[in-house]
Ligand SMILES: O=C(O)CCC(=O)C(=O)O
Ligand SMILES: [Fe+2]
C-alpha cells in the first residue's frame, strides 16, 4: 500500500481489523501494523474506528431511537369514544367518560366496576396481599423497594368468574385482546403509603428488560381501577402535565404509551394516602400475547 493511493476500507481490510481485534491485539499494535504497510496514521485510526463501531453494531444492534416513530400507526389500546359520554358494553354495563387528554393519552372512566364488584375483588385479594415489589432492572426479577410502599397480589387471568367478567369488560372497552393483558393486580395502600412517579413500560436500557419482554413484548397501556375511595390523598398523579386523578370507587384511569420513552409523558404515581386506605386494581396491557 502506498500513502498516496486512495485509502478506502476494503472488505479485506475490514476483515483483517476485526480479526486482529477479536484475537485480542492491542489497538496500538494494529495501528502500527497499518502504518508499516503504508497507511496514513489519521486515516488508519478512522478506518479502525469505523470498522469496529460497525462490528459492535452487528453484534449488539442498538434499540431503535425511541423518539422516532418506529412503527407509524402502531396499534394501541384505545376506547372508541366518538364523542360519547356513556359507553354501553355487551354485558349491559354502562361506563361514563369523565375526562380525556390527548398527550399523554389519558381517559378517566366513571362506573367501570360496581360497588359490589369492588367489594368482592378486595375481599378475594386481601388474604393474598404481600409487600409490593418493583422490577429489578438488572435481572428482570423483582424486589422490595421504598418507592412503592403498598401491598399487592396478582390474580391469574380468568381466575374467577368475576375476574373473567372484568377482564372481558376491559378488553371490550379498550379494544385490546384479553390475552394481551397481564393478570389483574390488586394493591392496597395504608396511610402514608405511596407509589412514587414511574413509567410502566420496561426501559430498554436496563439489562433485565429483554427477559421481561419475552412474555408478550412491551407494555403499551395501563388501566388503574379504584376499588374504594380513600378518606384522604391517594390521587394518581401525572407530574409531566400536572394532572391529578381523584381515586373514586368504581372509576378508572387509562393511559397508553406507543414507545418506552419519557416523551410519552406517562410518568405517573400514586400520591401518599393521608387517611384511610386506598385499594386499586391495575391491568397492564402488552403489545403481544402475555404468557
Ligand atoms: O395507585 C395508583 O394510583 C397508581 C398505580 C400504578 O401506578 C400502577 O399500578 O402501576
Ligand atoms: Fe404505574
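Each position is counted from 1, following the chain as shown.
Placement of Cβ uses the backbone N, Cα and C atoms for every residue, glycine included.
Those TrEMBL annotations? Automatic predictions, nothing curated.
Since this is a predicted model, take the numbers as computed values, not measurements.
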Residues flagged as region 'Disordered' in TrEMBL, choosing from 36-58, 59-81, 82-104: 59-81
Among ranges 14-33, 114-133, 134-153, whichever one TrEMBL labels region 'Disordered': 134-153
